[in-house]
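Annotation comment: Swiss-Prot describes Leu122, Gly126, His127, Leu128, Ser354, Pro355, Phe356 as (6S)-5,6,7,8-tetrahydrofolate binding site. If you look up Swiss-Prot, you'll see Lys231 marked as N6-(pyridoxal phosphate)lysine. What Swiss-Prot records for His230 is site 'Plays an important role in substrate specificity'.
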Amino acid sequence: MEQTPLTYLKQQDEELFSAMRKELKRQRDNIELIASENFVSQAVMEAQGSVLTNKYAEGYPGRRYYGGCEFVDLAENLARDRAKAIFGAEHVNVQPHSGAQANMAVYFTILNQGDTVLGMNLSHGGHLTHGSPVNFSGVQYNFVEYGVDPETEMIDYDVVAKLAEEHKPKLIVAGASAYPRVIDFKRFREIADSVGAYLMVDMAHIAGLVAAGLHPNPVEHAHFVTTTTHKTLRGPRGGMILCKEEHAKAIDKSIFPGIQGGPLMHVIAAKAVAFAEALAPEFKDYIEQVVANAKVLGEELTARGLRIVSGGTDNHLLLVDLQPLGITGKLAEHALDEAGITVNKNTIPFDPASPFVTSGIRIGTAAMTSRGFKEAEMKQIAELIELVLKNPEDQETLTSAHKQVLALTGRFPLYPERG
């Protein structure tokens, strides 16, 4: 019998096979604009679906608690060495299962319960693990929030400095999940030093931009840098910590045995593949196109009367304020999904709506750039978004937009070799 992707799954589990085929069709047919998503290479997927998933490897290369780890040691060392080369880090831990666990490990390394931490407000662009009261970070530690200026909708570093001086945090967290502007890590380090605080940068969203040299590198300034390995870095879903050699043992101990047991060696291998891709010259070309696409998309949406938070973007994402249109993020997400355009509802700075409803949507260009979309396609996307957002409950409009989406995505095949 001819072997094709998912041959054995189809034979053994038709229900799951059907769900996965439907998901592949959704990814192929839709315009994927969720800023935290991307399309990995076939090589990354092959590594993640490899025999390495069978191997338990508690510990670190050369210091495992199980035998037979000599070859998974090679995979982990490749991932670590490549990450060091990309970001110029002295030490890298590639074992975190997620960005949240990477953040947790840093907190556990340097903080005690109740310590004061300065982090970005979630509705202003921060992340759950930056002190949200519903997250372990907000429960275990005393987080003080900074946000953006109400006029510029950008970080006001003077305000951050005043908060740091007032509250004397043990740690300052920089980085965001929905902030479209360049972050001044040098200034953050100066603020941290002025009050004797550690600086941790969560670069999950912009790691690919940092790798390509299109955003300042936080490794030069922060005591600790955490990131996911997907998003703009275009690897498997997972996490990573970068730090100075002086913190290496403490960080490694916080990951294992601190908060994790056996690492996911198949995922670490996939990280190694993605890091090799990020070291290639083509990756910089890709990221340059991601940023160019985001700028054009923002300009086109603005020209069509939509309000972009902070007036534009310096990276891969945009925040659209829907209040002038009189619709919610929840409605916009649903309407766009009906038209085959995938986004997520998102709070905007000073949002009067709840996080379950929101007054905005977040848009990213990393995934569709991976499919080959360029400036011309961004203009078409802007036209479709305008059409849907100005007629979110008109079924005829949504159907018409969906047909145009299918025509557009059909020109840029996704994983054609998967049948």
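The backbone N, Cα and C atoms fix where each Cβ goes, glycine too.
When Cβ neighbours within 10 Å are tallied across all protein chains shown, the highest count among the binding-site residues Leu122, Leu128 belongs to Leu122. Neighbour count (other Cβ atoms within 10 Å of the Cβ, all protein chains): 11 for Ser354 ((6S)-5,6,7,8-tetrahydrofolate binding site). Long-range C-beta contacts of the residue listed as 'N6-(pyridoxal phosphate)lysine', restricted to its own chain and to partners at least six residues apart, with a cutoff below 8 Å, comprise Ala35, Ser36, Glu37, Asn38, Ala204, His205, Ala207, Gly208, Ala366. When the alpha carbons of Ser354 ((6S)-5,6,7,8-tetrahydrofolate binding site) and His230 (site 'Plays an important role in substrate specificity') are compared, the span between them is 28 angstrom. If you take the Cα of His230 (site 'Plays an important role in substrate specificity') and the Cα of His127 ((6S)-5,6,7,8-tetrahydrofolate binding site), they are about 16 angstrom apart, rounded to a whole number. Taking the recorded positions His127, His230 in turn and counting surrounding C-beta atoms within 10 angstroms, the largest count is reached at His230. The highest number of surrounding Cβ atoms within 10 Å, among the binding-site residues Gly126, Pro355, is found at Gly126. Maximum C-alpha to C-alpha distance over the listed (6S)-5,6,7,8-tetrahydrofolate-binding residues Leu122, Gly126, His127, Leu128, Ser354, Pro355, Phe356 is 16 Å.
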